[in-house]
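Q: Here you go, one structure.
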Amino acid sequence: MGGCMSREASEEMEQRKKSQAIDREIMDDSRRLRRECKILLLGSGESGKSTIVKQMKIIHQNGYTVDELQHYRLTVYKNLVDCAKALIDAMRQFDIVPEHEANKEHMEFLYTFQVDPDPNVPLDLHVSKAVAALWDDPAVPSVLEHQSEFYIMDSAPYFFAEAARIGSPEYIPSEADVLRARTKTTGIYETRFTMGQLNIHMFDVGGQRSERKKWIHCFESVTSIIFCVALSEYDQVLLEEQNQNRMLESLVLFDSVVNSRWFVRTSIILFLNKVDLFRQKLPRTPLSNYFPDYSGGPDVNRAAKYLLWRFNQVNRAHLNLYPHLTQATDTSNIRLVFAAVKETILQNALKDSGIL
């Protein structure tokens with residue numbers, strides 16, 4: 001009888017060991033699933049990388065506090081004034097004179113105006129009135145016909161339209177303002193957030209040419225790369241080099257990334273961004289003017305597919321490419337896109353861990 005009890009105890013112990021082993025395996029699988037993911041945001045300057053980071057804060061980090069919104073006030077002031085100066089430069093470059101006499105004085109005032117570096121000092125009321133009046137001048141559409149020949153921020157029409165609100169003494173930037181506010185990214189900025197079962201470390205890297213040598217520090221153990229391309233830049237020139245087409249520059253940069261030895265096992269998520277501006281621009285500025293082998297006319301889907309094909313052509317390493325049409329300033333669009341991005345990252349994580 002003692003032998004029987006000993007055998008039962010032995011079997012029970014064996015079952016307990018098996019159960020513990022299964023529990024450990026489940027926990028290990030869970031840890032592998034809830035893995036740390038390093039995402040590198042790459043792309044040329046003004047392709048929308050920093051806007052994506054801001055959207056992650058809105059979607060995954062409870063948005064901006066009033067204090068954080070206030071922090072962008074000075075940036076918005078500078079953006080508004082810089083856009084006005086860019087418009088004035090273009091009017092002078094193309095010998096376009098405002099039709100309303102008062103706008104000649106507004107141009108002189110705006111061109112010499114300097115934003116107060118103290119963010120607590122409201123914008124001079126004369127600035128917002130002068131900007132609004134100049135933007136409404138009948139001569140301005142003639143300037144915008146030359147938009148591919150001079151540099152102005154994509155957000156210029158937005159800020160011009162909002163000039164009166166921005167010029168209010170009580171002005172606090174909205175999240176929409178923050179998404180469109182532009183500061184040059186220098187160095188590398190990390191954002192951390194949780195997305196379902198994934199702990200994301202997202203790195204926003206400076207897009208200007210002078211910043212690219214710093215990317216090397218982020219290359220190790222990258223899970224995915226989100227490469228941002230501004231579709232609307234097909235007729236634009238670089239801020240750093242006015243005779244270099246921005247889309248061709250993006251293709252060169254993408255070539256160097258996708259075929260790099262650092263990214264042999266990395267999935268590339270391609271954000272074909274600024275689709276809203278792309279849609280507006282195609283009817284008035286044919287894509288075929290800049291890419292003569294394109295024959296799809298102003299159809300936005302055909303044009304986007306053509307540019308995607310151009311990016312696929314340089315993918316000689318045959319990395320998995322996951323393209324998405326995006327509008328980085330639209331929170332609902334980015335929320336939907338990142339739901340798909342999460343699935344892509346999760347599937348690749350499962351494959352890497354051997355679960356799939």
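Think of each number as a place in line: the chain as shown, counted from 1.
From the backbone N, Cα and C atoms, a Cβ is placed for every residue, glycine too.
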Q: For the record in Swiss-Prot, which of the ranges 200-209, 210-219, 310-319 is the region 'G3 motif' one?
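A: That would be 200-209, the stretch labelled region 'G3 motif' in Swiss-Prot.
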Q: According to Swiss-Prot, region 'G1 motif' applies to one of these ranges: 38-51, 94-107, 234-247. Which one is it?
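A: That would be 38-51, per the region 'G1 motif' entry in Swiss-Prot.
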Q: These are the binding-site residues: Ser50, Thr185. Which one scores highest on other Cβ atoms within 10 Å?
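A: Result of the Cβ crowding comparison: Ser50.
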Q: Return the average pLDDT for the region 'G1 motif' (38-51) as a whole number.
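A: Value for the region 'G1 motif' (38-51), mean pLDDT as a whole number: 91.
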Q: Could you tell me what the rest of the chain brings near the region 'G2 motif' (177-185), counting residues at least six beyond its ends with Cβ under 8 Å?
A: 45-46, 49-51, 54-55, 64, 69, 72, 75-76, 79, 153, 155, 158-159, 162, 166, 204-208, 211, 328-329, 331
